[in-house]
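This report refers to the structure that appears directly beneath it.
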Amino acid sequence: MSVAPLFLLLLGVALALALVRRRLSAAGFLAADHQAGAVLTGLAGTAIGLSAFVFVGGPALFAQLGSGAFWLILSAPFTGVLQCWVVGGWILAHHPRPLTVPELLGQRFGPGVRVTAAVLVALGCLAALSVQARAVAVLAEGLGGGSGEVWALAVFLATAAYMAAGGMRAGVWADAVQGVIMGLVAVALAASALLHTREAVANLFAAGSPWLTVFGKVPPSQAVAWYLLFCLGTLAQPHYLQKFFLLRSREELRRFPWVLTVSLMAVLTVWVGVGLSALALVQQGELPAGAGDAVVPLLLKRLGPTAVLAAAVGCLAAIMSTVASFCNLLSACLVYDRPQALGRPGWSLAWSRVVTLAG
């Protein structure tokens, strides 16, 4: 896999060169001209909203806490509906259509709130990008993919290249493809893991294990707190809200929850399937109980190199889509929102591309 980072980087650069000559307005670069449909936006939103934690950290948490780990994702079927009901309609109802969360807040509360929101979102994006860089490095080393630093550099440069060239007009399509990849990989890994460990899983259920009770090894108060956090917390995170700025109409918004819910559930099958399999093997002593997050790579290696490769592809898709969103949001805050809130109207495509690459 030593040439894989180079291949990824060349792919990102090639895509950037194909897109860079296109003329883009602020609406095109930041919100795909408000022309995306429910299916495209739902798939992209799923990829942006779910990190690589779903493929490794989530199943590992299931192996450590049992069914109590479900409470982190239990709100998923309701999340799409709640987002559309609470914030989606509000965003689409504004005229003129805002391009960003700070602009939306500025329309309602004034330029002071807009510039404050832009600064806070920019700081959050920088912090999130650093976390994603670390995640790439850890995953590359954990899954045996080579140097973590090389992978992190390749992933960030490739993503920044096509996002700088095409903005969200290109990003929404790339994210949607990555969302499809994540769903297919997740279902395949879950099915493969459960098939491989079917006897161990059957024994776990037959024994009436306390790990499979309603809360598992998680205190009830903590489980409920997790549910509320992931149910309500998504209503205020800019990269979760970004998808609503892409939708072209309220008719698409009405179809949106179905797409988002189905795609979320598809990706989250890996949390259940791989997590349950890992828990069953840990309880039988076939995997170490104190391995932490490393228990998932150990399980994947038992499934074979194809499973390891599939997990790496799923993680890569999750990270690249999230990085793409944060790079775009960062450029919006610094080149679009902050200058306009300070009374300097106008927007520069060139500077937006520079900030995206620098991010």
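Positions of Cβ are set from backbone N, Cα and C atoms, glycine also.
Noted in TrEMBL for the protein shown:
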{"type": "TRANSMEM", "residues": "38-62", "note": "transmembrane segment"}
{"type": "TRANSMEM", "residues": "69-93", "note": "transmembrane segment"}
{"type": "TRANSMEM", "residues": "113-131", "note": "transmembrane segment"}
{"type": "TRANSMEM", "residues": "143-164", "note": "transmembrane segment"}
{"type": "TRANSMEM", "residues": "176-195", "note": "transmembrane segment"}
{"type": "TRANSMEM", "residues": "258-282", "note": "transmembrane segment"}
{"type": "TRANSMEM", "residues": "307-336", "note": "transmembrane segment"}
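The transmembrane segment (176-195) and the transmembrane segment (307-336) are in contact, since at least 3 Cβ pairs between them lie under 8 Å (pairs 6 or more apart in sequence).
Counted over residue pairs 6 or more apart, the CB atoms of the transmembrane segment (143-164) and the transmembrane segment (38-62) come under 8 Å in fewer than three pairs, which marks the two as apart. Contact check: the transmembrane segment (307-336) against the transmembrane segment (113-131) gives at least three Cβ pairs closer than 8 Å, residues 6 or more apart, which meets the contact criterion.
Long-range neighbours of the transmembrane segment (258-282) within the same chain, counting only residues 6 or more positions beyond its ends whose Cβ lies under 8 Å from a Cβ of the stretch, are 38-39, 41-43, 45-46, 49-50, 54-55, 58-63, 66, 69-70, 73, 76-77, 79-81, 83, 179, 182-183, 185-187, 189-191, 193-194, 196-197, 200-201, 203-204, 211, 288-289, 295-296, 299-300, 314.
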